[in-house]
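A.B. asks: Sharing a structure with you now.
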Amino acid sequence: MTKRQKRMAAVVLLLVGLSVAAVLGFTAFSKNMMYFQTPSDIAAGKLPEGARIRLGGLVEKGSVQRGDGLLVNFSVADCEARLPVRYEGILPDLFREGQGIVATGHMDGRTFVADEVLAKHDENYMPPELAEKLVTPDGKHSCEQFKSMGAKA
Amino acid sequence: MIPEIGHFLLILALGVAGLQFLLPSWGVWKRDARAMAFGQSAAQVQFALVFLSYLCLTWAFVQKDFSVTYVAANSHSELPLMYRISAVWGAHEGSLLLWMLMLSGWTCAVSVFNRRLPADITATCLAVLGAIAVGFLSFMLLTSNPFDRHFPVPAEGKDLNPLLQDPGLIIHPPMLYMGYVGFSVAFAFAIAALVSGRLDGAWARWTRPWTTTAWLFLTMGITLGSWWAYHELGWGGWWFWDPVENASFMPWLVGTALIHSLAVTEKRGLLKSWTVLLAIIAFSLSLLGTFLVRSGVLVSVHAFATDPARGVYILGFLAVVLGSAFSLYAWRAPQLKSDGDLVFFSREGLLLLNNVFLVVAAAAVLLGTLYPLFVDALGMGKISVGPPYFNAVFIPLTAPLAAILGLGMAVGWKRAKFAEVVRQLRWPAALALLLAAGLPFLWVGSSGFAVFAGVMLGSWVLLTSVHDLWGRVRAKRSLLAGLAAVPRCVWGMTVAHLGLGLWVLGVAFVSLHSVERDVRLAAGESAELHGYEFFLRGVDPVHGPNYDADRGTVEVTREGASVTTLHPEKRLYRAQQNVMTEAAVDESPFRDLYVALGEPFDNGDWSLRMYYKPAMQLVWWGGFVMFFGGILAASDRRYRLAKLAQAPVSADGKVTA
């Protein structure tokens, strides 16, 4: 092979390698993509069947119920809808009623089964993606309204 | 008064940095030796100013001057002195000042150690570093001044984030920043090479120790961060593929590629424009990391700043730096001609392959980190990819690296015979196979394909490194004489590769064979985990300097024999009323036993998280050994003693071309 052909061969090899890596990457990406959803998104039925979801919302006041061992049931709500959540494991330090959380898991019938629950390490902190969804069009925070709804429930 | 002085010193430093950029640049253009030499004194003055300013902020923390907004937000009268000093870099403004201190420190070091280099190279380097300093100083002064005061003065500070009150966190950020900022030197050298059009073995030799030093600090920073997350977050994980972790890992991957391509450029005069490109990318990723972490686009414990002006500024700065660097590259890089031909089956060919894998791996991490941000910015919904994506992409991309590494050390420069290399490596290969078959059973009592492959790769790296060293020593009269004759940079390579081997072994075991169990226990009850019996004796209240805690006593036994007693804590930091989990870990080279307190139940029970983690220590040791290898490589004598031909300077102070 001449020098030029060798160089071309190297470039072709590199391109093939890169495209294989890209295909691998994008396949893995689309397989593992998780959608951030709020209870009202789920109520609207927008999600693909069996998808893994990151559920964001506030823990409804008075909804936390302990079961046997580490089993715990609670509701996560936003302004319009609430969703029952089942979780078996240790809740994070900042898990409290009225607190914003993000839970990862999937839907099992009408119940969300979480395998991970995160609450942030700052009392006033709310995940930006959640805060964004809870802000009303006139720029006010809709949590207060929600909390009263939670109290009624 | 002291904070105002600190602020004033920063403004002075900005002026000096501006001159450090302008005068030497003009000097390089006009070939004026005095203007070029100005860069060195400017660099040293700038360092002194920033250092004093840094001391002013430290002073404000030590003196508990709560009239300074930043101090009030991140300190407390009960905070121990050690944490008051480290609180300087506990949040956005102060950590920028630390960044700046590092940058001026590196710049000052360049001005001192580069005296023997051609004047125009040093001048260009210092001008580039001056320009970066201008960017960061004005960022600090315009958007995030740590010396701002506020009135009325609060009687008490808000306390340092309890997550940061840990010894690991005292040294993690400075190490990481040393690494991030260190790549600015490699970047400056790359720009100098493009501007001067000279890129030869000597240039690579000047750049190598700087790059290796930046890399070793980054290695240490990442290892410490991981170690901290393991002990402090209470989840028992050590790597979460969190965007902030990725932000530090991407420059590490590209920096590692850069170290290897610099070796090729030095020894063989090949891959020149590739090396320059890598240097630019490594620094760009450091800046990108700073942007991601500091702009508040990410959700993380690290994301302090949520002021959009800051994000816009860093993004603008990033655009200017990248735009000018890549334009210069596009204009000048075609002039950088390689001194020969590259044969695939040779050391340089395999190093190129290593580079391709490392860079593609970095690109995959970049995709997973940035794509969700893009999708969000375009209003197409909020998505994220978790660890499964990263593991699925990263492991197939990096596993071949370990295989190539062993080959690469056995293959000579220029060209090699495949059959000869296979003959040489048959023993390490056979032994690695044997270890892969046997070790998992001895270590964790079971095996599988993944752990087999992991142990195979890890021991392959370890054994080929030792084999390579043995090849160098064997010919000598005695073992000691042989070992002493091995140059330090070769030791550095060998040690760093040994570190990688240990790390791969550790990762294979701990990722595949950890056992986790969450339980609910009352005092006096026990639970079993992987042959160990965890007995909860009780949970008692204790008091620390600025927190109150529940402290558990967990006695661990194995087949009736006592193993250890662990004291996990659940702390409530008084000032911010924050709850923190302090895990207790019994560490040994073979396995870690990890216990964290979960939450109390109404009837007095506690939930407990227990882990059995085999070979966890090897992951840290791998990092530390790589760090040590970096020190050996960067301190090789040939970098210091290299007397370099200096461009002759004529009597009127003009450099003759």
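Yeah, the Cβs are placed from backbone N, Cα and C, and that goes for glycine too.
Note: TrEMBL annotation is automatic and uncurated.
Straight out of TrEMBL:
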- B:89-295: domain 'Cytochrome c assembly protein' (DOMAIN)
- B:315-637: domain 'Cytochrome c-type biogenesis protein CcmF C-terminal' (DOMAIN)
- B:6-29: transmembrane segment (TRANSMEM)
- B:41-62: transmembrane segment (TRANSMEM)
- B:121-142: transmembrane segment (TRANSMEM)
- B:177-197: transmembrane segment (TRANSMEM)
- B:209-229: transmembrane segment (TRANSMEM)
- B:249-265: transmembrane segment (TRANSMEM)
- B:277-305: transmembrane segment (TRANSMEM)
- B:311-331: transmembrane segment (TRANSMEM)
- B:394-413: transmembrane segment (TRANSMEM)
- B:425-443: transmembrane segment (TRANSMEM)
- B:490-512: transmembrane segment (TRANSMEM)
- B:618-635: transmembrane segment (TRANSMEM)
A.B. asks: Could you check whether the transmembrane segment (B:121-142) packs against the transmembrane segment (B:425-443) - three or more CB pairs closer than 8 Å, residues at least 6 apart in sequence?
C.D. replies: no
A.B. asks: Quick test of the contact rule: Cβ under 8 Å, at least six residues beyond the ends. What residues does that give for the transmembrane segment (B:209-229)?
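C.D. replies: That would be 110, 166, 168-169, 171-183, 185-186, 189, 237-240, 245, 248-249, 251-252, 255-256, 258-259, 262, 279, 492, 619-620, 623-624, 626-627, 629-631, 633-636, 639.
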A.B. asks: Does the structure show the transmembrane segment (B:41-62) and the transmembrane segment (B:311-331) touching, where I'm treating 3 or more Cβ pairs under 8 angstroms (sequence separation 6 or more) as a contact?
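C.D. replies: Contact criterion not met.
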A.B. asks: When you scan the chain for residues with a C-beta under 8 Å from the transmembrane segment (B:618-635), skipping those not six or more beyond its ends, what do you find?
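C.D. replies: Distant contacts of the transmembrane segment (B:618-635): 208-209, 212-213, 215-216, 219-220, 222-223, 226-227, 238, 488-489, 491-507, 509-510, 589.
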A.B. asks: Which residues, given as numbers and ranges, are at least 6 beyond the ends of the transmembrane segment (B:394-413) yet have a Cβ under 8 Å from it?
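C.D. replies: The answer is 267-268, 345-348, 350-351, 353-354, 357-358, 360-361, 364-365, 421, 424-425, 428, 453, 457-458, 460-461, 463-465, 467-468, 493, 497, 500-501, 504.
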